[in-house]
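The compositional bias 'Gly residues' annotation in TrEMBL covers 325-334. According to TrEMBL, the feature region 'Disordered' maps to 315-334. Positions annotated as transmembrane segment by TrEMBL: 36-56, 63-81, 96-118, 139-159, 179-198, 228-246, 266-285.
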Amino acid sequence: MSSTLSSLPPGITNTNQCTKETCPVTLATIPYVPSLIGNIIFMGIWGLAALSHLGLGIKYKTWTFMGAMTAGCALEVLGYLGRVQLNSNPFNEDAFLMYLICATIAPVFITGGIYLCLSRVIIIFGESLSYLRPRTYTILFVTCDFISLILQAAGGALVSISDDKATSDIGLRIMQAGLIFQVVSLVVFVALCSFFFWRVRQCVNKGDVNAQLNTNFLELRKTRRFRGFLVGFSIATIAMITRCGYRVAELAEGFNGPIWANEKEFMVLEGAVLAVCILLITGFHPGWCMKGRFREASFAMKELRKRGKGGPGFGSYDSSVSGAPVGGGVEGDA
């Protein structure tokens, strides 16, 4: 990461020896002084979100979702902490690497939490409306998330140990590949979700007697709370795609591109967009919106109920939905 530049002041042979007082900030890897107040605000948002997901996860026993979201929020806090430290010294290489790696891979955990919710939603509506089993969706997209994480982490590690621009650029390309893979996975995820809800809507509109809506969650599907969850997570997913697309474009130009040097774009397309994402996911927490039935809607619990170990009622389905009103793919309101 370090480099010797002809424009360094006399007596300084490496940017690692620089401070704001001794070298022009344009020689830093981030060629500006990050906003102190802005980054503290975002760090606070993610810190509160981490505590919220920890508390809500314990309350509603959404263990896997809690783990993914808390990890993602904690990494975002570290990422913004790195930027806060860069405010006092833009040449702090450790702070830069903490920002670059943590802020890049943190959203992978957030998308993982989003992916975990799809299988629950499918079970809540009815598996017969989905071409794939809920377990398949979870395994497929969590695997994609893991691959994206490995690529981004590997690229970040290579950047952190590089001593020359060529090696650093290779690390950036690997990180970019991970981000592109994440974007593609999210787009496929959105496409499959859209197709599933199109089938739900068609089922309700046509009154298809062959459709099977899970009556065990009939009242839950009617609530504003659950409908809010569907809308909130949809917007959050779009926000995540927007952010990842921005990061792909940013890293495509390397550390010398105009996007990399523009803090306003970062604060909007990274900071504000992801803040909207996490606020929606936290405000429409699946444990609260599903009224404590998040675990009941998991495919693992469903298998236990099929074997007679989870109590009656789970496998009950509605064979006629001709009278069900339509509201964005969800029956009714309450």
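Note that Cβ sites are derived from N, Cα and C of the backbone, with glycine treated the same way.
Keep in mind the model is a prediction, meaning the values are calculated, not measured.
Note: the stretches the transmembrane segment (266-285) and the transmembrane segment (96-118) are in contact (3+ CB pairs below 8 A, sequence gap of 6 or more). Across the candidate stretches 36-56, 63-81, 179-198, the maximum count of CB pairs under 8 A to the transmembrane segment (139-159) is reached by 179-198.
Per-stretch counts of Cβ pairs under 8 Å to the transmembrane segment (63-81) identify 96-118 as the leading one among 96-118, 179-198, 228-246. Counting residues 6+ beyond its ends, the transmembrane segment (96-118) has Cβ neighbours under 8 Å at 1, 29-30, 64-65, 68-69, 71-73, 75-76, 78-83, 85-86, 134, 137-138, 141-142, 145, 148-149, 152-153, 156-157, 159-160, 175, 179, 182, 185-186, 189, 192-193, 233, 236-237, 240, 243-244, 247, 270, 274, 277-278, 281, 286 in the same chain. Sequence-remote contacts of a segment are chain residues at least 6 beyond its ends whose Cβ falls under 8 Å from one of its Cβ atoms, and for the transmembrane segment (36-56) they are 62, 65-66, 69-70, 73-74, 76-77, 80-81, 83-84, 87, 267, 271, 275, 278-279, 282, 285, 287-288.
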